[in-house]
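Encoded as C-alpha cells, the structure appears first; notes follow it.
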Amino acid sequence: HAESRRHPERGRRASAHSEHGDRCYSETDAMLPEGRLSGEEEEEEEQEEEELREQEAARRMPKESPLAMALQILLPFLLAGFGTVSAGMVLDIVQHWEAFKNVTEIFILVPALLGLKGNLEMTLASRLSTAVNVGKMDSPIEKWNLIIGNLALKQVQATVVGFLAAVAAVVLGWIPEGKFQLSHAVLLCSSSVATAFIASLLQGIIMVGVIVGSKKTGINPDNVATPIAASFGDLITLAILAWISQGLYNCLETRPYVSSVVCAFFLALTPMWIVISSKHPASRTLLYSGWEPVITAMIISSIGGLILDKTVSDPNLAGIVVYTPVVNGIGGNLVAIQASRISTYLHFHSIPGEVPEEAKGCYCPCRTFCGSGANHRSAQVLLLLVLPGHLIFLYTIHLMKSGHTTLTPIFMTVYLVAALLQVFTLLCFADWMVHCMWRNGKDPDSFSIPYLTALGDLLGTALLALSFHFLWLIGDQDSDVGD
C-alpha cells in the first residue's frame, strides 16, 4: 500500500512485530494497519497518517445506494428466511419423537445451538467481511492464515459452548424440579457437543466459500455473508441435533456407553484445534479474549430455551414451535447485517477508542433511524424488510400445512407486531453496543454479534410466548395446536 511505501520503517517494525510475538496484539489490530510509532516520530506523522487513512478509506469503502443495498440484502435474506422456515417445520415434526418427548430438556438446547450461528458463524462472517473490505485478504498467504486460524478457533469455541449449553440445560431443566438422570445428562452432553462440532465445521466451510466468492464477484460481503451463514445454519443444526439425539436415545437401553464415547471423542479433539488456531496472531488473541461474548450469549439463549421448553409443555401453546426459529432467525440475521456494516464503517473512519461525532452523547433511537448516513439508510432498509419478509414466511408455512395455527387476521397482527418490536429493539441495541465496544477498544466483529443474536433469541421466544398466551386468552385458538 501507499502507506507502506512512504514509511518503510513502519513496515519493518510491523513485520518484526508479527515475527517476534503479539504481546500487545488487541482484538482490533487484526483489521487495522499494523505497526505504530512512538514518541516524537508518532507525533510528527500523526497528521499525515490521518490523511492517508482517510484517503485509503475513501478509496476502499464500498459505495452503494439504498436500492443496491436492498437488492444485495434481499436474496440472502429470503434464503435465510426459508432456511428458518424449514428449521421450524423440522422442529414441528421432531417434537413428537421419543427423544424430544422423554428428554424435554433438549428444547432448552435448541436456541443455544441454533444461536451458535450468531456466536460463531456470523462472527466469523463479520470478521472476514471486514478483513476483505480493508484489504487484509489481498495476500494469498495472509488470506489462508486468517481463514484456517479462524476456522480452528471456531471449532474450539463450538465444542466448549456445546458442552456448556448441555450443562445449562441440565441446570435449568432438572435442578429446579429436583429430578436428575445421569443417562439423560450424558445424552444431552454428547448430543450438544457432537451437533455443535459437526454443524460448526460444515457452516464454517460454506461461509469461507461465500466470502471468497463475494470478493471475486464484487459484492459487499457485509450484505450477504451473515444472512447466508444463517440460511442453512438453522436447518443443518436442527437436523443434526434431532438425528444424533434420537440415535443416542435408541442406544440408551442396549448400549448405554455410546453417549459417553461420542462426547469424549469430540472433547479429545479440542487440543488439536487449539494448537492450529494459535498459529495466527488474530485467532490466538481471540482464543484467550473471545470467550466472554460466546459464553454469555449461550446463557442468554438457554434462558430463551427454558421459555420454549415450558411453553411447548403446555398443549394449548405447542403451536409456537414452528414459528420460534423463524422469528429468532430473521431477527438475528437482520441485526447481524447492521452490526457488521457499522463495524466496517468504524474500521474505515475511526481508530479504536474514538467514535464519530454523531455517535457521541446519550443514546436515542432517533440516532439509529433518522438521518441520511450509510448506517441510517441500512437500518431503515432492514426495518422495512421485516413485515413483507414475515408475511412471505407465514404464507409459506401455511402452504406447507405446517404449524397447525390458522392464519386469522388477529393472529397475523399480533405475530407481526411481535416481530417488528423484536427487530426495532435489536437494531437500537446494535447501534448502541457496537459504538460502545469500539469506544472501549474491542473489535465489534468479534464481540457484538453473539450478544445481539442471543438477545434476539430471548426477545423472539419471549414475545412469541406472550403472543400465544394473549391469543389463547382472547379465544383466537385452534383445537389441533401442536397436534
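Even glycines carry a Cβ here, placed using N, Cα and C.
The region 'Disordered' feature in TrEMBL is assigned to 1-61. Among the features that TrEMBL reports, compositional bias 'Basic and acidic residues' is placed at 16-26. The annotation compositional bias 'Acidic residues' is assigned in TrEMBL to 40-53. The transmembrane segment annotation in TrEMBL covers 67-91, 103-120, 156-176, 182-212, 224-245, 257-276, 288-308, 320-337, 381-398, 410-430, 451-474. The domain 'SLC41A/MgtE integral membrane' annotation in TrEMBL covers 110-243, 324-466.
Segment contact is absent for the transmembrane segment (288-308) and the transmembrane segment (182-212), given fewer than three CB pairs below 8 angstroms at sequence separation of 6 or more. Residue counts for the domain 'SLC41A/MgtE integral membrane' (324-466) under DSSP, helix first, then strand, then coil, are 114 helix, 0 strand, 29 coil. Taken residue by residue, the domain 'SLC41A/MgtE integral membrane' (110-243) breaks down under DSSP into 118 helix, 0 strand, 16 coil. Sequence-distant neighbours of the transmembrane segment (257-276) (same chain, 6+ residues past either end, Cβ-Cβ under 8 Å): 148-149, 152-153, 155-156, 159-160, 163, 183, 186-187, 189-191, 193-194, 197, 244, 248, 251, 287. Of the candidate ranges 381-398, 410-430, 451-474, 381-398 contributes the most Cβ pairs within a distance under 8 Å of the transmembrane segment (67-91).
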